[in-house]
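The next block holds one structure in the form of structure tokens; read it before the comments.
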Amino acid sequence: MTKRSKGANEDKLIETKSKNVSGKSQKQKKPVEAESLKEEDLLQASGTDSDYDGDSLPGSLNSDDFDSDFSDSEDDGTHEGTEDGDVEFSDDDDVLEHDGSIDNEDDDGSEHVGSDNNEEHGSDEDSERGEAVEESDSSEDEVPSRNTVGNVPLKWYEDEKHIGYDLTGKKITKKEKQDKLDSFLATIDDSKTWRKIYDEYNDEDVELTKEESKIVQRILKGEAPHADFDPYAPYVEWFKHDDAIHPLSSAPEPKRRFIPSKWEAKKVVKIVRAIRKGWIKFDKPEEEPNVYLLWGDDSTSDQKSKHLTYIPPPKLKLPGHDESYNPSLEYIPTEEEKASYELMFEEDRPKFIPTRFTSLRSIPAYENALKESFERCLDLYLCPRVRKKRINIDPESLKPKLPSRKDLRPYPNSCYLEYKGHTGAVTSISTDSSGEWIASGSTDGSVRMWEVETGRCLKVWQFDEAIMCVAWNPLSRLPVLAVAMGRDLFFLNTELGTDEEQEITKERLHSGNIPEPDASVAAIVTWLPDELYGGIKIRHFKSISSIDWHRKGDYLSTVMASGETRGVVLHQLSKQKTQRLPFKIRGLPVCTLFHPSLSYFFVATRKDVRVYNLLKPGEATKKLETGLREISSMAIHPGGDNLIVGSKEGKMCWFDMDLSSKPYKTLKNHPKDITNVAVHRSYPLFASCSEDSTAYVFHGMVYNDLNQNPLIVPLEILRGHSSKGGVLDCKFHPRQPWLFTAGADSIIKLYCH
């Protein structure tokens, strides 16, 4: 080991103690006497500022000096300075040996003085240490204060000639104060006066460096003092949320967590002993009074017996928008309205008329302020106040207790099959009595017959006009399909059934025995043979909007947009004749229905529904008041005592005709028009379809007990058709809890449970 490396190691140890040396001993250091070079020349050679004081411990180094000046050199044994490269050292040069100079001062106070090179090297170390002190962020590395008086108020030295004492114990005298004129001229002559700060503690002017002024500017802007500080540094997650393989602490659970506490047991024993000896006494429960007022309210009687009840006065009404100094235009009355106020009685006249002002300061004093205050005082003084008890009712108790949907199964809730083939919107569908076949009509002029289970199209009839309505004959032995389009009504032979049924059907549809109609009927309808498909065609004087079969399959009703007795006519297929209704219809008819078991006939107009008896035309009719804007469809329960009416405002009414002529329930479920409603023949189900492309399925149970009201429970919302046009028709399967829907997207869908 060379002398240089040995001295470097010792200087590294001395570096850690350099700060403590100045704080403990505070011994006065003697300047190192240079033989050939001055201190300023050494500082210039080392590349540091000349104003550095140069006080340092000879022989002590910091980490930067150790790395730069005393690192291992190359094979040639030479080393160059890292900063300027001006000072070079070689192995042949004299090196300061630290064997005897680790302690900077001897007992007699003399110092070890090295050679010229050592002095130059020591001054270089001092200058670099000064740079390290300036760059340090620690408050311990700051230049110590001259004044050693401590943290005391300077008011104590106001009357003295000095402000404290320096390190040697000498008084620090105050500077002579300049006149204001001299100080002003000095500030004008000095261009750096804005960077100077007066330190009253040391009685001197301190000039801020550029770095310090930048720090002040950052603090004024609310930024971090140091430019290198990153306030948005990436967050280091010490503990991640992911499950680790090893636990943070795998110490075993202590035994005290598995055994009962000994000290708690002692406390319990102490409390039990005190209870047994009677040291701890419990409060006896207060006995409730058994006396009460027979005809009075207990709560108010208790309050009146104790003290006079105070009822706070009612609060004043808060001002509204009309009392604003700049209200909206709709609150300001016109001249005509103001004139009408003058004609009113004083009691009916509004107490305040809104007025507009340009600003808040232009508002005058309120004229009726004193009058209203006086009237309120009279009301509070003369009018008695009564406390009214509010009835607290749980809102949940007001809701009807409906059964769970799981208990009401089966009902259609999912799409099972789609029937595709039409090119236009499907306007109407109908199922036969057996449930094996379904017929559909579309705006493309085609009528299709489908097999329900497979979705296979069995037959197609093509017409020139859009199909409005199709209806299958309810008798299974008469497979006839009624089709309405424009002004014509066709009876088509579906060619289903046995040979005997086909013979009966062909006889019914034979047009050779058509009788001559009456004169009153001839102006309305005309029976004609269907040359295209071999059936019968009935031509009406107006377009047909709805048709409905009688339960026996012989009569068929058609609805046209006409008033009085011409809007609804009845056709008899067996005799091939038409008859008008024996009563007048008030309003334009929308749709008609036959009663499922009696001889009643339902006619729905735009506002209400009227019930007629076909066997007794002179009997008074029954009128059902719907309260709807316009009726769109109607369906009757198989029992015949309940009627469902749909409207074009999205509402659906349930009528219990034995109960009242007004709706028992009104359901607002669709946001758009309801196109049709349907009731199942055997299951307690009914449904509605709308232009919003949805179909609602409900549970509607009708009880035989007349004292029990029908139960209506919403079950399912069926979606699946496109939003354009919505769902135009819906029908239930006659035997299964299935629902068919016809959409404007030319698709028929089957929903099953």
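Here the Cβ of each residue, glycine as well, is placed from N, Cα and C on the backbone.
What Swiss-Prot records for this protein:
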REGION    1-155  region 'Disordered'
COMPBIAS  7-18  compositional bias 'Basic and acidic residues'
COMPBIAS  30-41  compositional bias 'Basic and acidic residues'
COMPBIAS  64-75  compositional bias 'Acidic residues'
COMPBIAS  83-109  compositional bias 'Acidic residues'
COMPBIAS  110-121  compositional bias 'Basic and acidic residues'
COMPBIAS  122-142  compositional bias 'Acidic residues'
REPEAT    421-462  repeat 'WD 1'
REPEAT    464-502  repeat 'WD 2'
REPEAT    539-581  repeat 'WD 3'
REPEAT    626-665  repeat 'WD 4'
REPEAT    669-708  repeat 'WD 5'
REPEAT    722-753  repeat 'WD 6'
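Proximity of the repeat 'WD 1' (421-462) to the repeat 'WD 6' (722-753) is established through 3 or more Cβ-Cβ distances under 8 Å for residue pairs spaced 6 or more apart. Residues 424, 427-434, 437, 439-447, 449, 508-509, 530, 533-553, 556, 558, 571, 573 of the same chain sit 6 or more residues outside the repeat 'WD 2' (464-502) yet have a Cβ under 8 Å from a Cβ within it. Residues 409-420, 422-435, 438, 440, 442, 444, 450, 452, 672, 675-683, 685, 687-695, 697 of the same chain, all 6+ positions outside the repeat 'WD 6' (722-753), place their C-beta atoms under 8 angstroms from a C-beta of that stretch.
For the repeat 'WD 6' (722-753), residue counts in helix, strand and coil come to 0 helix, 17 strand, 15 coil, using DSSP. Mapped onto DSSP classes, the repeat 'WD 5' (669-708) shows 0 helix, 20 strand, 20 coil. DSSP states for the repeat 'WD 1' (421-462), grouped as helix (H, G, I), strand (E, B) and coil, give 0 helix, 24 strand, 18 coil. DSSP labels the residues of the repeat 'WD 2' (464-502) in these numbers: 4 helix, 16 strand, 19 coil. Looking just at the repeat 'WD 2' (464-502), the mean pLDDT is 91. Shown for the repeat 'WD 4' (626-665): DSSP residue counts in helix, strand and coil, namely 0 helix, 19 strand, 21 coil.
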